[in-house]
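Database features, via TrEMBL:
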type     : residues         : note
TRANSMEM : 26-44            : transmembrane segment
TRANSMEM : 56-79            : transmembrane segment
BINDING  : K119, E120, D149 : UDP-alpha-D-glucose binding site
ACT_SITE : D149             : active site
BINDING  : K287, D311       : Mn(2+) binding site
ACT_SITE : D453             : active site
TRANSMEM : 525-544          : transmembrane segment
TRANSMEM : 564-584          : transmembrane segment
TRANSMEM : 654-679          : transmembrane segment
TRANSMEM : 685-707          : transmembrane segment
TRANSMEM : 719-738          : transmembrane segment
Amino acid sequence: MEGRGLRGGCTAQAPLHTFEPLQRTALNRVFAVVYSCAIIALLYRHTQILLYSTTLLSFSMTLSLLISDLVLAFMWACGQAFRMRPIRRKEFAENLKGIMKEEDFPGLDVFICTADPHKEPPMNVVNTALSLMAYDYPKEKLSVYVSDDGGSALTLFAFMEAAKFACHWLPFCREHNIMDRSPRVYFASNYHSWSPEIEEIKEIYENMKVRVGNVVNRGEVSEIYITNDQEREAFDKWRGAFTPQDHPTVIQVLLDNSTDKDITGHCLPNLIYVSRQKSKTSPHHFKAGALNVLLRVSTIMTNAPIFLTQDCDMYSNDPQTPLRMLCYICDPAIERTLGFVQFPQRFRGINRDDTYGCEYKHLGEIHPMGFDGLRGPYYCGTGTFFLRQALFGDPSTSVKSEILELRPDRIMNKPIKSPDILALAHHVASCNYENQNKWGYKMGFRYGSLAADIYTGYRLQCDGWRSIFCNPKRAAFLGNAPLNFVDVLSQCKRWAIGLLETASSKYSPITFGTKSMGLLMGLGYSYQALWPILSIPVTVYAFLPQLVLVSGVSVFPEITEPWFLLYLFLVLGAYGQDFLEYVLEGATFRKWWNAQRMWMIRNLSSFSFGTAEYFLKSIGLSTCGFNVTNKVVDDEQNKRYSQGIFEFGVPSPLFVPLTMAAIINLFSFIWGTILVFGGSNEEGLLLQMLLAGCIVVNFFPIYEAIALRNDKGKMPTKITIIATLLAGALYTATSFIFKR
């Protein structure tokens with residue numbers, strides 16, 4: 001394959017990219033020093049009170065608050081790594097032409113993963129693939145691999161239809177130079193002018209959509225939709241004992257750029273469907289396992305030096321994204337150690353105020369910019385261009401592959417449909433191939449964590465690779481955020497388990513990471529990996545001060561004490577810095593408010609459950625699985641979401657601690673108000689009342705779901721009853737303890 005080598009660079013006259021430190025860096029450093037002093041003072045106060053405690057009860061309460069504040073202090077210190085040297089980059093893709101010709105561009109493989117045709121509708125995956133196939137990139141150098149981990153004939157049929165539609169869609173995009181190259185997005189937009197050609201291509205798309213929809217609704221590919229013997233032979237593989245959990249490898253070359261042409265005579269990119277072998281007796285390692293199969297199969301078939309990993313619902317929003325990536329990969333100053341280029345995850349369909357905080361402003365933009373000033377951002381699992389070599393060893397040495405054909409520097413000299421190539425591709429996709437070798441541990445995407453994406457990126461950086469954060473004004477990719485509340489919380493619970501698996505592994509960021517990458521990178525990754533332990537202080541502060549408030553007991557300083565100002569500074573300083581970062585990155589106050597509310601909610605529910613499940617798994621009492629996030633939302637849910645209304649509906653255990661906290665804080669706030677107006681130690685209880693009041697304001701959607709709504713998304717009565725009984729039990733226990 002010609003043009004596989006990486007060539008190019010940048011000159012002073014025509015830079016490919018630049019970067020600049022953010023202006024708030026100096027302020028961040030000064031604030032870090034001042035805030036550190038305040039934290040030390042707070043811990044000193046806790047220690048003094050602890051040492052002079054006269055009762056077991058006061059000792060226990062102070063110890064709980066001390067542990068909580070130690071966790072908060074440690075996580076704050078780790079988080080400062082992102083604020084020491086944040087940078088913003090800019091690319092100049094137009095300068096590439098002065099450095100390299102289009103025919104010299106390196107080959108590019110694209111990996112798209114899907115796992116369930118019912119939770120991830122095939123037409124959505126097809127739209128993602130078509131948007132990537134339509135890149136402004138030489139089609140003879142582009143290959144798209146689709147991993148169907150659900151082993152569904154429905155998905156294969158959808159991509160057979162997509163291959164036919166691509167013959168019309170790709171030349172249409174090229175001739176009209178459109179930016180929205182996902183057909184669904186383009187035809188849903190109202191800013192393109194009408195023309196007979198647009199109507200014709202839209203009709204072809206709608207006909208394809210109807211055929212795929214009919215097949216999905218029927219649950220099988222009937223004879224009327226099979227047009228030739230080649231298709232019939234492909235679908236015959238689903239006969240007999242074929243199940244999603246137990247089936248042989250299926251590899252189908254749907255488009256071959258050496259033979260297939262579009263309607264204008266231009267070649268089409270390779271399009272290859274892969275469903276790896278599955279067996280109930282063999283571990284499959286979820287998405288990381290699927291990506292490793294794609295990595296091996298693509299190394300056998302096309303072996304492009306660069307590959308893109310993409311979620312099935314994240315379509316291309318900018319056809320020139322690969323050119324932006326080349327601005328970094330073709331720079332000789334960083335090419336030798338560059339492992340991957342990460343683009344941010346951005347989402348369409350989020351309502352105006354981002355009710356569920358799904359933009360993840362910190363995770364998606366602010367923290368990666370901070371990492372980028374060090375050794376580069378973490379791998380987010382999608383929107384990432386990898387150098388293939390990075391998955392086969394460190395920058396100086398390669399891990400020896402078990403077969404010669406799996407070398408990343410191998411020159412391709414056989415067509416992808418040749419029997420030898422297809423036989424070898426089937427072999428490396430078998431479920432037993434990874435037995436007794438280094439895949440998943442020294443090579444490929446790493447196993448050992450449910451959060452395999454961040455774990456893989458972390459391990460690559462520990463091996464000496466660096467990364468780049470590319471954040472153009474126009475989003476490179478757009479996807480669908482989960483719009484169902486329980487899906488949001490369940491996704492975060494899965495992340496919590498995976499992150500704790502990373503933190504507790506022998507490659508823990510606190511020790512191994514700091515030793516391998518330096519203090520700041522180690523602290524930054526420690527913040528990511530230990531993010532779930534924030535559930536400890538959040539849970540303590542959501543319940544303990546409010547429960548003792550009912551008994552008139554103060555755990556915070558009185559308003560007249562100097563320590564009161566310390567608490568005020570610590571709270572307002574943390575929230576103020578967080579708000580400032582959000583606003584400077586283009587967010588509104590309402591979005592920031594919802595994000596901080598979801599921070600509290602996730603810690604009380606997702607992270608608490610995730611932390612508990614991780615520890616149960618650690619002692620062998622629980623098994624963690626990977627649940628595919630549902631990408632299907634009904635019209636009623638969508639309407640409520642667009643109005644900013646929380647969606648409860650199902651009786652999930654994740655709602656119980658939230659409802660308990662809502663009940664306890666409301667009752668304590670009302671009871672505290674009664675005590676204050678009754679003249680009972682109002683100065684000592686003020687901070688507790690402010691804390692309870694803040695939580696009450698944040699949890700208004702929960703009160704609304706309990707008492708003010710009658711739609712299907714209201715809080716289930718079962719959850720309300722359970723939470724009320726548990727809250728009552730906590731109050732009873734607290735009252736009994738203080739009476740003694």
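Heads up, residue numbers simply count up from 1 along the chain you see.
The backbone N, Cα and C atoms fix where each Cβ goes, glycine too.
Automated prediction, rather than curation, is the source of TrEMBL annotations.
Worth saying up front: this structure is predicted, and the values here are computed from it rather than measured.
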| query | Judged by the number of other CB atoms within 10 angstroms, which among K119, K287 is the least packed of the binding-site residues? | reply | K119
| note | Note: vs the transmembrane segment (685-707), the recorded stretch with the largest number of Cβ pairs under 8 Å from 56-79, 525-544, 564-584, 654-679, 719-738 is 654-679
| remark: As a whole number of Å, the Cα atom of D311 (Mn(2+) binding site) is distant from the Cα atom of D453 (active site) by 12
| message | Using a 10 Å cut-off between Cα atoms, which of these binding-site residues sit near K287 (Mn(2+) binding site): K119, E120, D149? | response | D149
| request: Output the single range from 525-544, 564-584, 654-679 maximising the number of Cβ pairs under 8 Å to the transmembrane segment (26-44). | output: 564-584
| Among all the protein chains here, how many other CB atoms are within 10 A of the CB of E120 (UDP-alpha-D-glucose binding site)? | 25
| field | Residues satisfying Cβ distance under 8 Å from D453 (active site), sequence separation of at least 6 | value | K287, Y378, Y379, C380, G381, T382
| note | Record-annotated UDP-alpha-D-glucose contacts K119, E120, D149; largest Cα to Cα distance in whole Å is 13
| Counting only residues 6+ apart in the same chain, whose Cβ is under 8 Å from the Cβ of D149 (UDP-alpha-D-glucose binding site)? | C113, T114, A115, S275, R276, H284, K287, A290
| note | A correct count of other C-beta atoms within 10 Å of the C-beta of D311 (Mn(2+) binding site) gives 23
